[in-house]
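Visitor: Okay, here's the structure, questions in a sec.
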């Protein structure tokens with residue numbers, strides 16, 4: 001079963017390269033596993049509920065897969081349109097600040113000059129989704 | 001008075017024909033009367049009146065700060081405004097009051113502008129309709145124009161006139177509607193994929209996206225750091241140039257602003273276009289383009305040619321991939337930018353306090369709508385280690401190809417590109433919501449987002465009314481940092497086409513005092 005899932009995954013990426021998004025989406029459901037969704041929801045800290053997340057993500061991936069058709073051999077990635085210029089750096093002098101009180105006012109939970117966060121769970125918590 | 005240009009009002013203020021307080025009160029009154037448009041999230045009445053008072057003192061002493069002193073303006077609600085709630089139309093920031101002003105807001109205030117309020121948008125500027133914010137959708141003022149209503153009466157009788165109201169486009173729909181309905185003289189929008197130009201075209205106003213790096217993003221709540229730009233919405237090109245002159249320039253607080261010196265400029269009135277070369281990108285002629293927009297685009301090209309300009313067809317070969325590339329880069333940067341909303345330092349925080357992860361997850365579920373959450377999820381997928389090269393880096397490479405396409409075209413002698421801004425005129429809300437946000441954005445951003453990827457300046461200028469008597473605008477795209485040249489060409493075009501003024505008098509009968517004595521340029525009653 002596992003080997004078959006891998007084979008279908010390979011078919012899906014081949015289909016993508018030929019630019020058939022609907023095909024990839026159909027086989028993409030093997031690619032977008034429940035584990036992947038859970039992993040993503042954990043990383044992103046947003047949730048949808050499995051079925052809906054899978055559907056939305058599949059569409060997004062299928063759409064993005066169209067990029068495979070572009071030949072980018074020898075092309076460098078572009079991070080910024082201003083790449084030919086030097087980023088401006090300010091001199092390392094303190095010119096403003098001292099506004100801790102103002103900033104703390106925007107938080108819901110504050111103790112003295114600390115923002116209060118709940119404890120980090122150390123033992124790999126399984127948090128429940130709706 | 002409200003229908004005048006910035007320069008005219010400024011002159012009137014200097015001569016004492018009208019006072020800043022009067023101007024402020026008229027705009028506030030009009031905002032109240034047009035409340036049904038839902039263009040404003042917050043109306044900063046007290047702040048505006050106080051600013052008006054101060055402006056008046058300056059005028060009395062003959063010490064006006066400049067062209068914007070005493071002029072009512074509005075700001076999109078994703079710009080930080082000190083002491084005034086800034087929500088991004090999201091539950092995540094509802095009730096959030098920034099402790100500082102965005103640089104562009106500060107610049108407007110330093111010039112004496114009156115801040116009328118914060119305008120409505122799609123949540124976190126994600127959308128192309130201004131329909132997906134927590135405060136509800138923005139209605140296009142043209143839905144209520146005499147021009148549109150008379151045309152509709154011819155077709156259908158006795159229908160509920162409000163049920164089929166039109167969208168403004170987005171995501172800066174509130175700003176576009178505010179300017180279109182005369183409640184302010186200029187408004188700030190933001191433009192990441194067309195969010196200023198799209199609603200400008202649908203609302204019949206000028207929407208300028210300056211070159212990336214020209215205007216500071218400090219204080220603009222970021223969506224895509226490498227593409228976001230503050231946008232300017234006004235009723236005429238000259239006004240946009242005035243505002244740009246004030247906003248442009250290096251900001252030490254935004255290291256992505258260029259350090260080249262920038263001065264306010266006056267747009268020359270171009271009369272001779274014979275040295276101008278206009279490029280028409282052939283890939284922008286898509287089957288989805290409405291026949292009316294296509295015909296106006298063609299008419300505009302002919303106009304330039306008949307007046308002596310060189311008009312040539314050009315190619316931007318990677319056009320069909322730009323929306324996909326944008327989708328990947330945008331969701332990836334969004335995934336990163338939205339990570340700051342964790343409920344700890346500002347913004348919404350959920351009630352559970354069991355663990356940090358549970359708290360973050362619940363806060364973000366409660367704070368973000370599903371459009372935002374979907375983009376975050378997708379973005380995180382593209383940024384996974386196993387996907388990074390194939391999606392994110394791939395998209396960055398395609399971005400270079402797209403930017404290069406533009407450079408090649410401009411290097412071949414083209415000064416300015418002429419394209420449609422939108423596929424069609426504004427559609428009714430009921431029709432717009434038949435497709436989801438992502439589909440709509442992908443459709444509606446088609447002519448506008450490549451410009452953001454290349455960082456070029458672009459402006460949408462209203463050209464004419466459609467057969468339904470709704471505005472259609474065309475887009476001009478210029479070379480990087482040649483915003484002045486771009487606006488000069490746009491101004492020439494604006495003068496030639498004489499786009500009609502929106503007629504909203506019927507709706508505001510008791511506002512007649514605002515419009516009487518106006519020698520408005522209401523040319524032909526089409």
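Every residue gets a Cβ built from N, Cα and C, even glycine.
Unlike curated records, TrEMBL annotations are generated automatically.
Just lifted these from TrEMBL, have a look:
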type	residues	note
ACT_SITE	B:76	active site, charge relay system
ACT_SITE	B:171	active site, charge relay system
ACT_SITE	B:195	active site, acyl-ester intermediate
DOMAIN	B:27-145	domain 'Amidase'
DOMAIN	B:167-487	domain 'Amidase'
REGION	B:146-167	region 'Disordered'
Visitor: Over the domain 'Amidase' (B:167-487), what is the model's mean pLDDT?
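Guide: Summarising the domain 'Amidase' (B:167-487) by its mean pLDDT gives 95.
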Visitor: Can you give me the Cα-Cα distance between residue B:171 (active site, charge relay system) and residue B:195 (active site, acyl-ester intermediate) in Å, rounded to a whole number?
Guide: 5
Visitor: Please work out the helix, strand and coil residue numbers for the domain 'Amidase' (B:27-145) from the DSSP assignment.
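Guide: Per DSSP, the residues of the domain 'Amidase' (B:27-145) fall into 45 helix, 19 strand, 55 coil.
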Visitor: Looking at Cβ-Cβ distances, which residues of the chain lie under 8 angstroms from residue B:76 (active site, charge relay system) while being 6 or more apart from it?
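Guide: In sequence order, B:118, B:119, B:121, B:125, B:172, B:174, B:175, B:187, B:188, B:189, B:190 meet the Cβ cut-off.
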Visitor: Using DSSP and collapsing to three states, where does residue B:195 (active site, acyl-ester intermediate) fall: helix, strand or coil?
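Guide: SS state of residue B:195 (active site, acyl-ester intermediate) = coil.
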Visitor: By a simple count, how many Cβ atoms lie within 10 Å of the Cβ of residue B:171 (active site, charge relay system), its own Cβ left out?
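Guide: That number is 39.
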Visitor: Specify the secondary structure state of residue B:171 (active site, charge relay system) as given by DSSP, simplified to three classes.
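Guide: Residue B:171 (active site, charge relay system) sits in coil per DSSP, no helix or strand.
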Visitor: What number of additional C-beta atoms lies within 10 angstroms of the C-beta atom of the residue listed as 'active site, acyl-ester intermediate'?
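Guide: Here the count is 38.
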